[in-house]
Amino acid sequence: MKDTKRRNRSCNPSSIFPTLTVIYGVLFFILSPTASADGSLTFCDNSSVSVKIKIWIDGVEGQTLEGQSATFSAKIPNAANELSRQSVVLTNPLNCCSNLSSEQLSGFTALARRGDCDYLVKAKVAQAAGAAGLVVINDSEDIVEMSCSEKTALDISIPVVMISKLGGDALNKSLAAGGKVELLVYAPESPIIDPGAAFLWVMAVATVVCASLWSEITKSGETNGNYDQLSPKADHKEDEENEIIEMTTMSAVIFVISASTFLVLLYLFMSSWFIWVLIVFFCLGAVEGMHSCIVALVKSKYRGCGQKTVDVPFFGTTTVMSLLVLLFCMAFAIFWVWTRKESYAWAGQDILGICLIIAVLQLAQLPNIKVATVLLCCAFMYDIFWVFISPLFFHDSVMISVAQGDSSSGESIPMVLRFPRLFDPWGGYSVLGFGDILFPGLLLSFTVRYDKAKKRTLKDGYFVWLAIGYACGLLFTYLALYLMNGHGQPALLYLVPCTLGTCIILGFVRGELSELWNYNASESKQTLVGDEEA
């Protein structure tokens, strides 16, 4: 570690950038997963894929169902070729567990009920009867993965898929009415790169930069300027007016432990009512965040606005502007709750979420790099454990399961930014948790305050480099997501090295690491105020 005396030397940013680029490249090479090729043989441990099933009733195309292939299923084509559609016949018996008539099933797709025997037995019975495929109807609305336990290669040569009870009931009804039912099973692949992920990347980077610079963005026009030229007296007055929570190493550890506890509770007791509790708390915080953001923006642009006051029962005296903004924010949140399952609800959720993130980053602050290191390293391990290691102790990945929400009610947790996948045949959203913005955002906000206290320009400070590091880390996250075929990634695995690592490397190269590690904002401000008075 360098000594605590500040060295009078400058560092050329252009000489640091290649070094950081090499470090990022090596880091990503070490952490990135490797792709593997799928085998063509049918085994019990082959990959199960999501499938779409087009339905025709008496030659008229109807609804398209969704299902899941068995792990031992024959390969299912990716494209829908209508010439390959096949007629459907109910098996007799319906469970498809005993020998079937080859005259009944030859060249047809067998439709069977779940239960009474293993999935593999059903597939073997249907194939022995000459069926061209097997569709298993589940006994509930969810769809489970059909697997088996045999270790040797299998002789299953027909596609085997499962559909929900609702879809199966619709097919049964059409068959019972004497209609001719045909279907076509295919497994469209999601695009490797979807523009939705790019838009979410831009949204996240813009949010963390905007939240870090929010105090500068909302300064009134009379005092606005480059943050390295602002008066320390004005900063001191502003800090007194705003309530700030300064984190310590102990509070950082307790916070991550509390987050882990809550995550486990949410995983174990996942239900619609639990998610409703989260929705209520999310709306309360988002309304407060949106209110503070709008009021701050209005006051920064129109300094004389909002002087008229009014007495509100139970709340006391407030300005008319603040009251009107609050009513608007409440109406916005209520509208989002009412329409949260509509296709456009993601936009309202993102607006509320971004306002909440900005408000939190104005309320909580890191005092120095020592606390930042403790917090981000704990968050780093937290993210990795609950995504990759938790399946060893629980049924599946706790973090991914919680992010997917309650499948029975269709409710999902609102503490994420999301953007629709534009060219994905399966639809869905690209999502990013609030923690992936808040934790690095706390560090970026610290560098803004540090650069301002030290009167650094944007070029010579830390903030710009960390913002670039955040953007690169998030890009690495998406690259790893695609390399692992869409398996959820712990974003902090990439974001922490690219932000905290960048800050520590820059501090070491510039000889300021000790100062960053033990930085005290209060002492720095007192020194600057004394210098200005002198």
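Heads up, the Cβ atoms here are built off N, Cα and C, so glycines get one too.
Residues or ranges marked as domain 'PA' by TrEMBL: 88-171. If you look up TrEMBL, you'll see 196-214, 252-269, 275-298, 310-338, 344-364, 371-389, 426-450, 462-485, 491-509 marked as transmembrane segment.
The stretches the transmembrane segment (371-389) and the transmembrane segment (252-269) meet in space: the count of Cβ pairs below 8 angstroms, excluding pairs fewer than 6 apart in sequence, reaches at least three. Helix first, then strand, then coil: DSSP counts for the domain 'PA' (88-171) stand at 21 helix, 17 strand, 46 coil.
For the transmembrane segment (275-298), the most Cβ-contacting stretch among 252-269, 344-364, 462-485, 491-509 is 344-364 (pairs under 8 Å).
When each of the listed stretches 196-214, 252-269, 310-338, 462-485 is scored by C-beta pairs under 8 angstroms to the transmembrane segment (491-509), 462-485 comes out highest.
Restricting the average to the domain 'PA' (88-171) gives a pLDDT of 85. Distant neighbours of the transmembrane segment (344-364): 203, 207, 210-212, 214-215, 242-247, 282-283, 285-290, 292-293, 332-333, 335-336, 414-420, 429, 434, 437-438, 441-442, 445; these residues of the same chain sit at least 6 beyond its ends, with a Cβ under 8 Å from one of its Cβ atoms.
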